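Q: Take this structure first; my questions come after.
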Amino acid sequence: MVLLAASSWSPSSAQPFFACSSVLRAASGPASGLCVISLRRLTLRPQWHLSRRLGTSTPKCFAPNIDIDCENDAVEDSTAENPRSFSSGSLVSVHLKSDILGANPLDLSGKEADANNLFTKLHVLSKVEQDALAATPTHPTGLYALYAISLVGNLVERLWNFVWPAAVATIYPNLLPVAVLEFFTKLTVFVGGPMVGTLLDYFPRVPVYHCLNFVQTAAQLLSAGMIIYALNLVKQSSASSVLLQPWFVILVVAAAIERLAGLALGVTMERDWVVLLAGRNRPVALAQANSILGRADLFCEIAGASLFGILLSKYNSVTCLKLACGMTVFVQPVLFVLGQLINSLSHGVLDLSRSPNMKPVVTPLFDASEIVGTGLDAFRQGWKEYKHQPVLPASLAYVLLYFNVALAPGSIMTALLVHHGINPSIIGGFSGLCSIMGFAATFMSASLVKRLGILKAGAAGLMFQAFLLTLAVSVYWTGSITQQTRLLIFLSLIVVSRLGHISYDVVGTQILQMGIPPAKANLIGITEVSMASLAELLMFGVAIIANDVAHFGFLATLSVSSVAVAAAIFCQWLANPTKSQRELFQFDRGF
């Protein structure tokens, strides 16, 4: 193909850049393969000036292997020395190699329409096609493998989380050892979370996943060894003497590392991998993926509790610990293979760099000052990035829900029911119904996103939970819950409120997935988990001070107030979005 460019030079039109402006008119014959381009103005500058400008700009398009021949030798020889000698009417032929552009020339001879009309034939997706695309994952087979790895990993982790507290509680008939372990575990997550998030964002995804699995397994085995040692050999006379034993110090450290590694694995799967596999711009597919992951987690919670109950009814605590450790070691090869399978089924999408400008963090292994300095920098960077994330109100609402420790299935609610002499079958049924309701909420959240949009679905979940918990607190304050009817109403309102809680948990996760840049997903995600741990620390501190069951109404009021504040913050953000937030969720019905 030969391109002939007719040019005219006007000294008065000289500009400090190479400019080409006109509407191109193209015509070619089917046989000749000749395309003549007429330019209204072609401004040429010296070669040195052109190379300087092009070196500091970003080209929009290019064509490789282009040979340019000047038909006028005088023009070719004199242009480099004096660009103004480029005479009017000179012709420049541009030869484009056919092996680059293809052998078939563009035939426009039979077209009467203007060349601009070619662009009007671009296909625009209909509403049905857009909805179908939004519900189609980018890598569906990779998502199936992700569901499998989540199911296997969560089942073992849930079983461990049920086994170790029961085993520690049998060491001494007091809640203090378990409380100390929980306190330091949450404190470690609060302090070390941002640093771990920074490291996750700087290293490859799949190797980091395998490393975290190894660390978590090693910490679980070490913890089990210390507990078994204490159960077999140590008989302490007081709870305070238990806290001073070397094995207990090692147990605290191992438990903190295990929990930190587990949370890092959860953030990696739920905030990073699922977004890459489902598609950041596929809201319905991402909502469905989040719902399935939530169902898998709740199923593992129910199955883990049931399996633990069966084991504990037949075997002692030491045997249960050994069985839990055996299952943990057994599933490691399965998790390794599934991790590699996810990446291969998704065509290596997990190998993509989060940011091209990122450089790995290198810290001397045994340099304590460097480790502390890097940790403090990561801690500051984590909180800085968290405060400046574009979806901060949604994240704050998520964190505020963790202040609700009284009106939820947990240790405080169990203690209240036991104190009032409630039948154990009712207590067990309450916990089971809460889990089942959460399981149902994962189905409801995907439907809400499809009908209302992501943002309105989140607001609906928060308001629903706040309304029902307000009714529950009103029932508690208006009379004693020892009456069976009043007790059933009180517990039923809390059970149904789990629909709103889990719905926002799923939807809020998706909002954060879509609003946080991929390069900062792990850092901001683990920093958010750190804030949630801080919220639980504060509420458990209040519970320690107000440890009398008579003060439960005060704890319940604080809990429902935190949920109401979360709903108010989210709705305020929804009603008054910023420009950047509108652009971020421009496809959503919420804005």
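Each Cβ is built from the backbone N, Cα and C atoms, and glycine gets one as well.
Copied straight from TrEMBL:
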type     : residues : note
TRANSMEM : 214-234  : transmembrane segment
TRANSMEM : 246-267  : transmembrane segment
TRANSMEM : 292-311  : transmembrane segment
TRANSMEM : 323-342  : transmembrane segment
TRANSMEM : 396-418  : transmembrane segment
TRANSMEM : 425-448  : transmembrane segment
TRANSMEM : 454-475  : transmembrane segment
TRANSMEM : 487-504  : transmembrane segment
TRANSMEM : 524-545  : transmembrane segment
TRANSMEM : 552-575  : transmembrane segment
Q: Out of 292-311, 425-448, 487-504, 552-575, what stretch is closest in contact terms to the transmembrane segment (396-418), meaning most Cβ pairs under 8 angstroms?
A: 552-575
Q: Should the transmembrane segment (425-448) and the transmembrane segment (524-545) be scored as in contact, given a threshold of at least 3 Cβ pairs under 8 Å and pairs 6 or more apart?
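A: Since fewer than 3 Cβ pairs under 8 Å link them, the transmembrane segment (425-448) and the transmembrane segment (524-545) do not come into contact.
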Q: Residues sitting near the transmembrane segment (524-545): Cβ under 8 Å, six or more positions beyond its termini, same chain?
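A: Long-range Cβ neighbours of the transmembrane segment (524-545): 182-183, 186-187, 189-191, 193-194, 196-197, 200, 263-264, 267, 270-272, 382-383, 385-386, 389, 395, 398-400, 402-403, 405-406, 412, 512, 516, 555, 558-559, 562.
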